[in-house]
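Copied over from Swiss-Prot:
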| type | residues | note |
| --- | --- | --- |
| BINDING | Lys12, Tyr159, Leu160, Glu161, Tyr162, Ser163, Gly164, Gly189, Gly209, Asn210 | sn-glycerol 1-phosphate binding site |
| BINDING | Asp14, Ser40 | Mg(2+) binding site |
Amino acid sequence: MYDISKWKHVFKLDPNKELSDEHLEMICESGTDAVIVGGSDGITIDNVLHMLVSIRRYAVPCVLEVSDVEAITPGFDFYYIPSVLNSRKVEWVTGVHHEALKEFGDIMDWDEIYMEGYCVLNPEAKVAQLTDAKCDLTEDDVIAYARLADKLLHLPIFYLEYSGTYGDIELVKNVKAELKQAKLYYGGGISNAEQAKEMAQYADTVVVGNIIYDDIKSALKTVKAVKGE
């Protein structure tokens with residue numbers, strides 16, 4: 001079984017976006033630690049299954065980040081369940097999760113499931129608008145969410161999500177200093193190897209997403225930049 005605590009670099013693929021077979025092979029054979037399948041809108045069981053079957057041709061670990069209960073399917077190595085801690089809507093903190101447990105709780109393999117405490121920091125991002133996230137946060141606010149995830153809820157992952165814009169490296173550094181057991185994931189705005197390397201100084205896991213669809217060569221260079229191999 002894979003050890004997610006050792007993952008330094010992951011690619012995130014959106015099932016609602018077009019990706020050629022050639023580029024998918026490049027991603028899966030890049031040396032990244034895992035591929036996460038997830039997105040904010042247009043997620044269906046059909047496009048999730050298509051992505052799963054495509055990725056399963058390769059040896060890379062595969063994770064489904066669940067944003068729609070209707071699109072859950074067996075076959076992934078792990079399932080990440082996001083809880084948007086700074087959402088104004090309880091459904092995105094625990095509501096959807098409660099519904100999922102009502103429907104699937106009896107058949108869940110709990111060894112495959114990890115809860116993510118999300119803090120969304122770009123108000124323009126789809127995920128911020130979907131979840132009505134309160135993004136105008138001070139550093140103290142963000143650190144309080146990190147403590148909530150790490151020390152009160154004992155979540156395995158705290159995820160700083162800048163989605164579409166590059167984040168504040170000092171904030172990432174200070175959040176990392178607060179976490180004792182939760183792993184820090186960083187995602188958002190990484191468009192080159194230099195940015196990926198900078199965030200990897202403090203984030204346990206760097207998530208690279210949108211650049212895959214804009215500049216595949218730059219996306220691939222982030223693997224070596226983060227892992228130093």
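Backbone N, Cα and C atoms are what each Cβ position is placed from, and that goes for glycine too.
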Sn-glycerol 1-phosphate site, defined by Lys12, Tyr159, Leu160, Glu161, Tyr162, Ser163, Gly164, Gly189, Gly209, Asn210: further same-chain residues with Cβ within 8 Å of the Cβ centre:
Asn122, Ala125, Tyr186, Gly187, Gly188, Ile190, Val207
How many whole Å apart are the CA atoms of Gly209 (sn-glycerol 1-phosphate binding site) and Ser40 (Mg(2+) binding site)?
13
Within its own chain, what residues at least 6 apart in sequence put their Cβ under 8 Å from the Cβ of Leu160 (sn-glycerol 1-phosphate binding site), listed in sequence order?
Cys119, Leu121, Val142, Gly167, Leu171, Val172, Val175, Leu184, Tyr185, Tyr186, Gly187, Gly188, Ala203
Select the most exposed residue of Lys12, Gly209, where exposure means the fewest other Cβ atoms within 10 Å, treating these as the binding-site residues.
Lys12
Just jot down the residues in the same chain as Asp14 (Mg(2+) binding site), at least 6 apart in sequence, with C-beta under 8 A of its C-beta; none if empty.
Gly38, Gly39, Gly209, Tyr213
Give me the count of other Cβ atoms within 10 A of the Cβ belonging to Gly164 (sn-glycerol 1-phosphate binding site).
16
What's the longest C-alpha separation between any two of Lys12, Tyr159, Leu160, Glu161, Tyr162, Ser163, Gly164, Gly189, Gly209, Asn210, the listed sn-glycerol 1-phosphate-binding residues, in angstrom?
17
So which of the binding-site residues is most packed in, judged by how many other Cβ atoms lie within 10 Å of its Cβ, out of Ser40, Tyr162?
Tyr162
Ser40 (Mg(2+) binding site) sits from Gly164 (sn-glycerol 1-phosphate binding site) (Cα to Cα, rounded, in Å) at a distance of 13
Asp14 (Mg(2+) binding site) falls, by DSSP collapsed to helix, strand or coil, into coil
